[in-house]
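Visitor: From TrEMBL, here are the annotated features:
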DOMAIN    35-492  domain 'Major facilitator superfamily (MFS) profile'
TRANSMEM  116-133  transmembrane segment
TRANSMEM  145-169  transmembrane segment
TRANSMEM  175-193  transmembrane segment
TRANSMEM  200-221  transmembrane segment
TRANSMEM  227-249  transmembrane segment
TRANSMEM  314-335  transmembrane segment
TRANSMEM  347-368  transmembrane segment
TRANSMEM  375-395  transmembrane segment
TRANSMEM  407-427  transmembrane segment
TRANSMEM  439-461  transmembrane segment
TRANSMEM  467-487  transmembrane segment
Amino acid sequence: MAEPTQPLLNDSNSSPPRSLDDTIERYIGSFGWAQFLQATLVSFSGVFDAQQTFISVFTDFEPKWHCTESFCHDSISNICILPKTSWSWDFPPHVSVISEWGLQCSGSFVKGLPESSFFVGCLIGGLILSTLADSSLGRKNMLFLSCLLMSISTMFTVFSPNIWVYAFLRFVNGFGRATIGTCALVLSTELVGKRWRGRVGIMSFFGFMLGFLSLPAMAYMNRGNSWRILYIWTSVPTIIYCVLVRYFVCESPRWLFVRGRREEAISILKRVASIPLSDGTMSFSSLPTEEEEDEKPSVNIYAAMKVLVEKRWALRRLTAVMAVAFGIGLVYYGMPLALSNLDFNVYMSAAFNALMDLPANLITLFLVDKLSRRNALIGFTALGGVSSVLIFALQNMRIGSHGALQLVLELISYFCACSAFNIEMIYTIELFPTCVRNSAIAMTRQALVLGGVFSPIMVAAGRKNGFWSFGLFGLAIGLLGLFAVALPETRGSDLCDTMDEEECKDRQGNNDIISSVIA
């Protein structure tokens, strides 16, 4: 057995690799079957992520009711002014937390508390856990722990005795779920070269779409039964998935390399190699050693965030992508909730919205190598904003109901939010180096989730005045999308591993712009 420090692929006819991208592309190929299976398994976490994100649409809804006394008329819309003996739910009370715990006359704060708690948990969990994937735990362990915490809290939710315990468990669920999407996206893309990076990144979005699409089907099969059954159906598969992640998913070799664990990185690369490799065929000897790196691994879990704030170019990029993400989040999370304002069937409306993820993912999948990241992001956010504002305009027209047209515009706006979200995640991967990439994506997703915190409040206010929902959704995503103008174009660029590499590339890009302007 050769020592790990011996050269691994010494080809006298070719120069040694200069970066980790060169190593991956030269020694194991751009994309092999082992990499495909790893990316597929990691991306499947999006299924369970989506289920917990949107499950409240079917567990926290207010069921329909009907009159049981002669003095009660169908024209009465306020159930709270009627005696309890004069009306009845269309389904057994246990179909929803609202009907089971008698919350139909409670304030909007109480009704929306579980969903708001979930998103607040996502925010806090993201801030606390996100940098662990860059510092001490790594991508794989963070993904495993996040899925495990989410699955356990989901199972405990089944035994909630009241709205307050239920809201707390939803908070814990959101706390655990916070880093799943980030870790899955980063882990799946860090194992491949730049040619396949965008396509592999889309795989995690397909997983999220599949999870969202599965919810209406599961809820429809569960109609008339307890809302608790939905939580059982979504928790058990997640626990099984945690076992698969623990024993079959590989750690990111990029992260291992940056942390100075080169022997482990070599072992992972050999394990997923698309071409046969012997023990003496690969080495990182030509790459910078740990002592030569300016950014040594730090035990401080917030070191990555500190670096992002201290570097002016990094802070500028982070501020821009977070501003865009907040606008996208308002529409991405708000539109499915606002469908109730358009008076559509809850199962069909959710299914239509979930299906919008498919064309968004397909367009991104096949055009990701051709699309300008910056222009595509600005275009999708602008179109989504216009469509949302048009819904508000139609709601204020007194001629006809325009229900079908409103639904079409809603689907267009949601489709644009999905597409913009996909592009933004890939864009963020390419904007930041390996040493802070997970933290940067986590902060971007936190800005997205922050939009989710505000969207239920805006949807509730929009039931009386559509401007507070669809109007503000459109203005926010359209205007905040313009922050992308401040970002550099990254299509086809190499991934950098250190801040110094990225700073040099940024400086070179600025010099090229100045030279072109002068010329």
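Counting starts with 1 at the first residue shown.
Each Cβ is built from the backbone N, Cα and C atoms, and glycine gets one as well.
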Visitor: Give me the stretch from 116-133, 200-221, 314-335, 347-368, 467-487 with the greatest number of Cβ pairs under 8 Å to the transmembrane segment (439-461).
Guide: 314-335
Visitor: Count the CB pairs under 8 A between the transmembrane segment (200-221) and each of 145-169, 227-249, 347-368, 467-487, then give me the winner.
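Guide: Comparing 145-169, 227-249, 347-368, 467-487: 347-368 has the most Cβ pairs near the transmembrane segment (200-221).
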Visitor: Can you say which of 116-133, 175-193, 314-335, 347-368 has the most Cβ pairs under 8 Å with the transmembrane segment (375-395)?
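Guide: The listed stretch sharing the most Cβ pairs with the transmembrane segment (375-395) is 314-335.
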Visitor: At a C-beta cut-off of under 8 Å, are there same-chain residues at least 6 beyond the transmembrane segment (145-169) that contact it? List them, or none.
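Guide: Answer is 45, 48-49, 52, 97, 101, 103, 110, 113-114, 117, 129, 137, 175-180, 183, 228, 231-232, 234-236, 238-239, 241-242, 245.
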Visitor: Can you tell me which of 116-133, 227-249, 314-335, 407-427, 467-487 gets the most C-beta pairs within less than 8 Å of the transmembrane segment (175-193)?
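Guide: That would be 116-133.
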Visitor: Report the listed stretch (116-133, 227-249, 314-335, 407-427, 467-487) having the maximum count of Cβ pairs within less than 8 Å of the transmembrane segment (347-368).
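Guide: By Cβ pairs under 8 Å, 407-427 leads among 116-133, 227-249, 314-335, 407-427, 467-487.
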Visitor: For the transmembrane segment (227-249), could you work out the same-chain residues 6 or more beyond its ends whose Cβ comes under 8 Å from its Cβ atoms?
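Guide: Cβ under 8 Å, 6 or more out: 38, 41-42, 44-45, 48, 51-52, 55, 58-59, 94-97, 100, 140, 143-144, 147-148, 150-152, 154-155, 157-158, 187, 218-219.
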Visitor: Of the listed stretches 116-133, 314-335, 407-427, which one has the most C-beta pairs under 8 A with the transmembrane segment (467-487)?
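Guide: The listed stretch sharing the most Cβ pairs with the transmembrane segment (467-487) is 314-335.
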Visitor: Who are the chain neighbours of the transmembrane segment (116-133) in space, where the CB to CB distance is under 8 Å and they lie at least 6 residues beyond its ends?
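Guide: For the transmembrane segment (116-133), the sequence-distant neighbours (Cβ-Cβ under 8 Å, at least 6 residues beyond its ends) are 52-53, 56, 139, 142, 146, 167-168, 170-179, 182-183, 186, 255, 301-305, 333, 438-439, 442-443, 445-446, 449-450, 452-453, 456-457.
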